[in-house]
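Structure first, then comments.
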Amino acid sequence: MASIDIAHERKTAATAGASARPHLAGLTRPLLMDALKAFGLPDNQLRMRAGQIWNGLYNRGFTDFERMTTLSKELRGKLADAFDISRLEIVTEQKSVDGTRKWLLRLPSGIPGVPGPEVETVYIPEEGRGTLCVSSQVGCTLTCTFCHTGTQKLVRNLTAGEIVGQILLARDALGEWPDGGRNSEDRLITNIVMMGMGEPLYNFENVRDALEVVSDGEGLSLSKRRITLSTSGVVPMIERAGEEIGCMLAISLHAVDDETRNRLVPLNKKYPIAELLEACRNYPGVSNARRITFEYVMLKGVNDSLEDAKALVRLLKHIPAKINLIPFNPWPGSPYECSDWEQIEKFADVVNRAGYASPVRTPRGRDIMAACGQLKSETVKARASERFKGEKAAAQPIA
């Protein structure tokens with residue numbers, strides 16, 4: 001059996017999608033204090049109460065104010081009437097034979113009775129670490145031709161709370177809160193990668209605020225060295241990302257010349273390779289200790305020649321970098337094939353001999369469409385499938 005499908009419906013307070021109460025998850029500390037001040041808390045209590053709520057949200061994983069017993073019963077009731085701290089709705093959960101887990105999440109729509117859009121989050125367990133792949137948008141505007149998400153039109157940006165909410169929900173599922181019976185030092189989620197659905201730099205403020213919450217030392221406490229933001233090359237935002245977010249940077253490069261990259265990553269027509277690499281050289285904090293990762297999907301007969309490998313080495317000269325070679329993960333209707341494994345190894349050898357670390361990413365979660373480049377909202381997949389069936393039926397001759 002390729003995968004275990006544990007599809008289930010779990011209705012939560014978030015399911016209604018129309019709560020008029022503002023959600024506290026994802027608010028930075030200053031914004032949380034602003035919300036509590038507007039709520040009516042006196043100035044001399046703001047810092048203390050914000051700290052207590054912060055601890056409840058991000059150290060204990062509470063989804064109900066009643067569990068925040070450091071607050072008075074009266075205050076807990078008033079907070080519950082004014083604010084939401086529930087989780088996103090899990091529509092389905094799938095588990096791969098390799099341990100990878102994927103959650104399809106429904107976001108609030110803001111309209112009573114109307115289901116909200118959906119987004120996917122993936123957890124990848126490895127020896128000694130666990131990586132959570134987080135989405136920043138529903139759909140994407142970039143239409144990268146090798147990426148499944150790129151075939152789904154942008155629906156909307158995620159809020160900071162919805163970005164942080166993916167991490168909170170994953171910690172729930174993995175039993176990673178103190179009450180989950182797990183040693184708090186034995187973390188299952190050790191790394192966060194902003195490599196899910198969407199282009200993070202086209203949702204800059206929400207991604208920035210979410211990662212500020214995630215890296216706060218008194219909450220989820222993930223070091224910025226364990227957080228990687230991947231961009232397809234939104235050049236004007238790269239320097240700002242280094243200054244205001246300061247996490248590790250990954251570039252979806254995938255080609256060594258503008259003609260090829262224009263086809264694979266149409267954004268390249270706006271920000272060509274030379275401009276992108278110049279922005280990388282100037283990325284704040286880049287050094288041999290904080291190298292930029294260049295992602296390179298291996299496409300048979302497109303970008304995988306040994307000449308391409310040599311050109312890649314020349315391009316990245318004088319940039320502290322590592323190169324992540326990604327075997328192409330197929331999806332229905334994709335126009336590409338994965339490079340032969342022998343060719344991938346030869347390509348990696350050229351890069352390695354030039355002095356660059358070039359690990360070949362092991363495909364994870366392919367059987368549940370959770371691997372790199374395979375994410376897409378399930379409702380969009382279903383609509384496409386129904387449309388295909390309808391077109392096929394219409395094409396059948398009438399007896």
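FYI, residue positions are counted from 1 along the chain as it appears here.
In case you wondered, yes, glycine gets a Cβ from its N, Cα and C as well.
According to Swiss-Prot, the active site, proton acceptor annotation covers E120, on the basis of sequence analysis. Classification of E120 (active site, proton acceptor) by DSSP places it within a strand. Of all Cβ atoms in the shown protein chains, 26 besides its own fall within 10 Å of the Cβ of E120 (active site, proton acceptor).
Residues annotated as domain 'Radical SAM core' in Swiss-Prot, with sequence analysis given as evidence: 126-367. Mean pLDDT across the domain 'Radical SAM core' (126-367) comes to 92 in this model.
Shown in sequence order, T121, V122, Y123, I124, V193, M195, G196 are the residues of the chain, 6+ apart in sequence, with a C-beta less than 8 angstroms from the C-beta of C133 (disulfide bond). Look at Swiss-Prot and you will find C133-C372 tagged as disulfide bond, backed by sequence analysis.
Within 10 Å of the C-beta of C147 ([4Fe-4S] cluster binding site) we count 26 further C-beta atoms, all protein chains included. DSSP assigns C147 ([4Fe-4S] cluster binding site) to coil in the three-state reduction, placing it in neither a helix nor a strand. The feature [4Fe-4S] cluster binding site is assigned by Swiss-Prot to C140, C144, C147.
Annotation comment: Swiss-Prot describes G198, E199, S230, S252, L253, H254, N329 as S-adenosyl-L-methionine binding site, evidence class sequence analysis. DSSP classifies G198 (S-adenosyl-L-methionine binding site) as coil under the three-state reduction.
Annotation source Swiss-Prot lists active site, S-methylcysteine intermediate at C372, citing sequence analysis.
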L253, H254, N329 filtered to the binding-site residues whose C-alpha is within 10 Å of C147 ([4Fe-4S] cluster binding site): N329
Closest of E120, C140, C144 to E199 (S-adenosyl-L-methionine binding site), Cα positions, recorded positions only: C140
Distance [Cα-Cα, Å, rounded] between S252 (S-adenosyl-L-methionine binding site) and E120 (active site, proton acceptor): 20
